[in-house]
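Taking it in order: structure first as structure tokens, then the write-up.
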Amino acid sequence: MIRSNKPPENNCLLYNKGLMPYLAAHAWQRSLLRQRIDYPNLEDVLILLEHPPVYTLGQGSSLEFLKFDPNQSEFEIHRIERGGEVTYHCPGQLVGYPILNLHRHRQDLHWYLRQLEEVIIRVLAVYDLKGDRLPSLTGVWLEGRKVAAIGIKVSRWITMHGFALNVCPDMTGFSRIVPCGITDKPVGSLAQWIPGITCEEVRVHVVQAFAEVFGLELVDS
């Protein structure tokens, strides 16, 4: 359990999962979101997991950012309700799905996106790495390389989707897309700065940073 200075009613259920198919995780998020719309007093949730190789496209994203025929892809492709363009998930990338009731935090989507970035920036600081924000863009960069992508969906101020931090993934899948539709910014992973780093060790720091940034007490579930 990671404790913050907030009272116990600010519990957040932590689900530390391993490799999970994308559609299973998506259905789980939708179920948790619906429960919290119907019962607003339910606790916040943070899911941490990894996905098998999969491409996802935001609700308004363009197929022009795929460098292959989507009808002949070796990996799954799913168009989902988050914002943003195409991104790639695979093992070695730590994905976080917060299901938060922003009525208990702040009803401000820009604030929420900046808070998610702050979580990643604090994790990088543990390794003496300086994460950067870029004007008008969402995500976190290291020395000009994007190491964390963020895309969210909010319904009645309940959040779903979240962040994807490249820890030690096979980066070849990114070469088949224009990640997040950004043509002039390369993608990076923490392993390029910290050889041997693993998602397991990074999970601990993500949990700590998330608790601090959102003022929550994370409870293993």
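Keep in mind that glycine also has a Cβ here, set from the backbone N, Cα and C atoms.
Look at Swiss-Prot and you will find Cys180 tagged as active site, acyl-thioester intermediate. As annotated by Swiss-Prot, substrate binding site applies to Arg82, Gly83, Gly84, Glu85, Val86, Thr87, Tyr88, His89, Ala149, Ile150, Gly151, Gly162, Phe163, Ala164, with the evidence given as sequence analysis. The domain 'BPL/LPL catalytic' annotation in Swiss-Prot covers 40-218. Positions annotated as site 'Lowers pKa of active site Cys' by Swiss-Prot, on the basis of sequence analysis: Lys146.
When other Cβ atoms within 10 Å of the Cβ of Lys146 (site 'Lowers pKa of active site Cys') are tallied across all protein chains shown, the result is 22. In the three-state DSSP assignment, the secondary structure recorded for Val86 (substrate binding site) is coil.
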